[in-house]
Amino acid sequence: MDLGVFIPIGNNGWLISTASPQYKPTFELNKQIVQRAEHYGFEFALSMIKLRGFGGKSEFWDYNLESFTLMAGLAAVTSRIKLFASTAVLTLPPAIVARMATTIDSISGGRFGINIVSGWAKAEYEQMGLWPGDDYFGYRYAYSTEYVQVMQELWRTGASDFKGKYFQMTDCHMKPLPAHKIEIVAAGQSPTGMAFAATYADYNFVLASGVNTPTAHVKLNEQLLDAVAKTGRDVGAYVLFMVIADETDEAAMAKWQAYKDGTDVDALVWMADQGSKDQSAAGSSTAKTINLPEQALNFNMGTIVGSYATVARLLDEAASVPGTKGLMLTFDDFVQGIESFGQHVQPLMTSRAARLLPAA
């Protein structure tokens with residue numbers, strides 16, 4: 001089973017709270033996190049792309065780095081870990097992203113892939129004059145499909161005359177070709193998103209849910225497996241969890257309660273407003289799921305809270321769900337969280353026994 005880290009490219013990570021660790025994103029912070037993840041044998045790191053924050057007292061995600069340039073820098077200071085950058089498809093032409101990816105493939109020696117972000121937060125794009133209108137909600141995966149087709153043709157042949165509804169190439173050239181396969185990942189939660197991932201992605205990120213309910217993603221995995229059965233491709237689920245660990249269950253739960261008590265309500269209001277813009281969104285879509293009231297302070301992602309032994313046991317249960325190829329983790333405190341996980345949690349995980357690397 002693969003293990004990845006969802007790095008904090010935006011301030012305060014994934015906790016919309018004034019009581020959680022407060023920090024700004026920097027290259028040095030993310031370098032430290034990714035290098036330590038590599039040290040502990042993590043297989044991959046992913047950076048999101050977010051172009052407008054949620055505001056509130058915590059100024060949540062008002063500070064964000066850019067994904068490709070960050071990962072290019074990290075590629076130069078790592079040696080084994082796979083790196084995924086995110087492209088917001090409304091912001092960068094596919095031919096440019098194909099060339100950027102080829103460059104980072106060269107820097108990393110074949111450790112680079114791309115996460116396709118079709119976009120659900122209208123304000124991110126509207127502020128730059130890039131929002132094509134609300135009908136985009138209905139065709140964003142068709143748009144993303146053509147986007148990926150253009151990139152893959154350029155990577156495969158170095159040229160494209162692609163003629164689609166949204167993109168038209170005219171004797172478009174891109175050389176050198178990438179020396180290695182550039183993997184594609186997606187994060188489809190809706191049936192349309194799952195179908196896109198099953199057709200074009202190598203992995204699909206799946207949102208786990210609940211607190212200490214490690215197998216709650218079983219239905220989403222089943223939906224992905226059904227979608228993959230129709231395409232005949234091998235696409236596994238990378239399941240997203242937040243880890244809040246401490247020496248005892250009680251200490252970890254006390255931290256989680258404190259974060260909940262400090263929920264930044266104003267930031268949640270902004271997120272809910274953005275999530276409501278797509279009137280046709282499926283109930284399982286990302287925009288709907290992250291705004292469910294039960295646990296919106298961390299986007300309703302699956303949350304594992306407990307002692308090191310409890311966290312290890314629950315993550316092993318998560319890994320056992322059919323279709324799960326890996327887990328992607330966030331932490332309440334990334335610097336301390338990576339160290340605690342590497343030293344105290346991972347050695348207890350049976351699902352990681354075959355992957356453990358000796359400390360350098």
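Cβ coordinates are placed from backbone N, Cα and C, and glycine is handled just like the others.
Just so it is clear, the model here is predicted, and its values are computed rather than measured.
Swiss-Prot has this to say about the protein:
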- Ile49, Lys50, Asn115, Glu124, Arg140, Tyr141, Ser190: FMN binding site (BINDING)
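A map of Swiss-Prot features onto the structure.
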| residue | record | DSSP (3 states) |
| --- | --- | --- |
| Ile49 | FMN binding site | coil |
| Asn115 | FMN binding site | strand |
| Glu124 | FMN binding site | helix |
| Arg140 | FMN binding site | helix |
| Ser190 | FMN binding site | coil |
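Taking every pair among Ile49, Lys50, Asn115, Glu124, Arg140, Tyr141, Ser190, the residues listed as contacting FMN, the largest Cα to Cα separation comes to 21 Å. The local packing around Lys50 (FMN binding site), expressed as other Cβ atoms within 10 Å of its Cβ over all shown chains, amounts to 21. Within 10 Å of the C-beta of Asn115 (FMN binding site) there are 22 other C-beta atoms, taking all protein chains into account. Within 10 Å of the Cβ of Glu124 (FMN binding site) there are 21 other Cβ atoms, across all protein chains.
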